[in-house]
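Q: Per TrEMBL, S-adenosyl-L-methionine binding site is recorded for Gly113, Leu137, Gly138, Asp139, Tyr140, Val141, Leu142. Marked as domain 'tRNA methyltransferase TRMD/TRM10-type' by TrEMBL: 1-232.
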Amino acid sequence: MRLDYLTIFPEFFDVLGISLLGKAVDNGIVDIHAHDLRTWTHDRHRTVDDTPCGGGAGMVMKPDPWGEAFDDLLGADPDPSVHVVIPTPSGTPFRQDDAAQLSHADRIVFCCGRYEGIDHRVIDYASEHWSVHELSLGDYVLNGGEVAALAMTEAIVRLVPGVLGNPESLSEESYSQDQEGLLEYPVYTRPASWRGWDVPEVLMSGHHGHIAQWRREQSRELTRRRRPDLLTDE
Ligand SMILES: N#Cc1c(-c2ccc3ccn(Cc4ccncc4)c3c2)n[nH]c1N
């Protein structure tokens with residue numbers, strides 16, 4: 001899987017060389033390239049923004065640098081197997097299903113905007129050539145797309161075979177299909193008693209059936225309290 005990031009702050013993506021994703025890069029499972037969008041500017045000030053047509057506050061990212069970056073990175077031939085992910089506050093919510101689908105992609109280009117956003121013609125042009133996903137990390141406002149791209153990257157790449165040491169752990173996570181899309185149950189480790197708090201007895205019983213039942217009940221109760229929207233049968 002090749003991941004490209006178009007951004008005016010490429011240093012944001014230096015962290016992808018650390019930990020699990022770093023190992024995936026070292027193992028050749030993932031190939032990461034961060035690009036400074038100003039590479040595709042031609043004026044002395046390396047300008048990437050301009051005033052919004054129709055007025056309004058702030059600045060909008062000019063289309064030209066993006067178009068020239070697309071030309072260099074992707075060429076002009078349409079290829080629906082290339083996924084262009086555009087983090088945006090107006091995007092559809094990024095969910096585990098999106099991460100799962102994108103984990104099968106061979107190529108993902110993240111377009112990280114700043115200012116008030118990217119000239120919409122960039123999205124229109126990209127949509128004619130590649131598979132475009134306008135996605136939002138959540139219902140809050142960030143200053144740009146980089147942090148969202150990092151979070152989406154981790155959610156996607158950890159699902160790629162060979163990246164996680166123990167793929168079985170994926171099936172027991174919140175939002176996973178094996179968990180019926182419910183929140184994950186509380187987890188514990190040693191010691192059995194810590195500062196007056198004990199590990200639930202059932203988890204120390206060695207009775208796998210009772211443990212599985214307790215975990216299912218915990219998941220449903222936690223989901224009922226915190227995320228009733230995830231419950232389908234109530
Ligand atoms: N994904 C995602 C996001 C963003 C986001 C993403 C890309 C850009 C580019 C520019 N901005 C700043 C901005 C633009 C317009 N309105 C408000 C702020 C961004 C925010 N904010 N919140 C999220 N969940």
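Cβ atoms here come from the backbone N, Cα and C positions, even for glycine.
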Q: Look at each of the binding-site residues, Leu137, Val141, Leu142, and point out the one with the fewest other Cβ atoms around it within 10 Å.
A: Val141
Q: Would you mind ranking the binding-site residues Gly113, Gly138 by how many other Cβ atoms sit within 10 Å of each Cβ and giving me the lowest?
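A: Across Gly113, Gly138, these binding-site residues, the one with fewest Cβ atoms within 10 Å is Gly138.
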Q: Would you mind pulling the DSSP three-state label for Tyr140 (S-adenosyl-L-methionine binding site)?
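A: Once the DSSP labels are grouped into three classes, Tyr140 (S-adenosyl-L-methionine binding site) ends up as coil.
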